[in-house]
Amino acid sequence: MNLLIMGLPGAGKGTQAEFIVKNYGVNHISTGDMFRAAMKNETEMGKLAKSFIDKGELVPDEVTNGIVKERLAQDDIKASGFLLDGYPRTIDQAHALDTMLEELGIKLDAVVNIVVNPDILVDRLSGRYICRNCGATYHKIFNPTKVEGVCDVCGSHDLYQRADDVPETVKNRLDVNIKESAPIIEHYTELGLVKNIEGEQEISQVTEDIKKVLG
């Protein structure tokens with residue numbers, strides 16, 4: 001089985017990716033893992049990627065695409081299939097993936113898209129706060145302090161939010177993700193591959209829904 005998994009930050013993609021890999025025995029391919037392996041093994045594309053990273057420059061699409069193709073050409077993919085996570089990030093990368101899969105003789109079976117209302121994601125992602133005194137982390141919804149405004153660990157009243165976790169910053173980050181992912185989802189929808197999964201349910205129910213669509 002050859003799959004893509006998509007979903008906005010905070011949608012629970014990582015949890016469901018773990019389930020899919022364990023349940024269906026496919027190879028979990030994340031962008032970060034691919035880059036690290038290619039550079040460690042000094043593949044042609046890995047060396048190219050390292051040259052850009054060492055200069056502090058963004059790795060161009062053709063190099064990223066090349067690293068993905070190197071990984072998809074390996075024997076374990078032919079044997080067990082894959083779950084691609086974190087790629088494609090742009091519509092150009094999606095078209096490049098179509099081409100490389102065709103060249104490798106690999107068929108994409110489904111795109112699992114975990115759908116959550118962005119407003120809910122803002123609450124999920126912007127709820128984190130930290131004790132400045134001891135570093136304990138909390139979440140206003142999922143892991144609140146026992147007494148509001150007081151750290152459970154050290155009793156400090158000095159709790160703060162990182163700039164990255166402020167609602168406005170989170171919303172801006174989600175807006176960028178939505179803009180980039182919308183044409184990719186539209187592309188795979190036209191190909192009849194998208195399986196939309198309601199991600200606002202309990203984690204176990206999201207997992208059950210994925211099992212239903214993948215069989």
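Just so you know, glycine gets a Cβ as well, placed from its N, Cα and C.
According to Swiss-Prot, the ATP binding site annotation covers G10, A11, G12, K13, G14, T15, R128, T137, Y138, Q201. In sequence order, T137, Y138, H139, Q161, R162, D165 are the residues near R128 (ATP binding site), counting only same-chain partners six or more apart with C-beta under 8 A.
According to Swiss-Prot, the AMP binding site annotation covers T31, R36, E57, L58, V59, G86, Y87, P88, R89, Q93, R162, R173. DSSP assigns E57 (AMP binding site) to coil in the three-state reduction, outside any helix or strand.
According to Swiss-Prot, the feature Zn(2+) binding site maps to C131, C134, C151, C154. Reduced to three states, the DSSP call for C131 (Zn(2+) binding site) is strand. The Cβ of C131 (Zn(2+) binding site) has 21 neighbouring Cβ atoms from other residues within 10 Å, across all protein chains displayed.
Proximity of distant same-chain residues to the region 'NMP' (30-59), defined by a Cβ-Cβ separation under 8 Å and at least 6 residues beyond the stretch ends, is recorded for 66-68, 70-71, 85-87, 89. Summarising the annotation, Swiss-Prot assigns region 'NMP' to 30-59.
The annotation region 'LID' is assigned in Swiss-Prot to 127-165.
When the Cα of C151 (Zn(2+) binding site) is compared against those of the binding-site residues G12, T31, E57, Y87, R89, the shortest separation belongs to G12. Take the Cα of G14 (ATP binding site) and measure to each of the binding-site residues T31, V59, R89, C131, C154: the nearest one is T31. A 10 Å radius around the C-alpha of C131 (Zn(2+) binding site) takes in none of the binding-site residues listed as G12, T31, E57, V59, R89.
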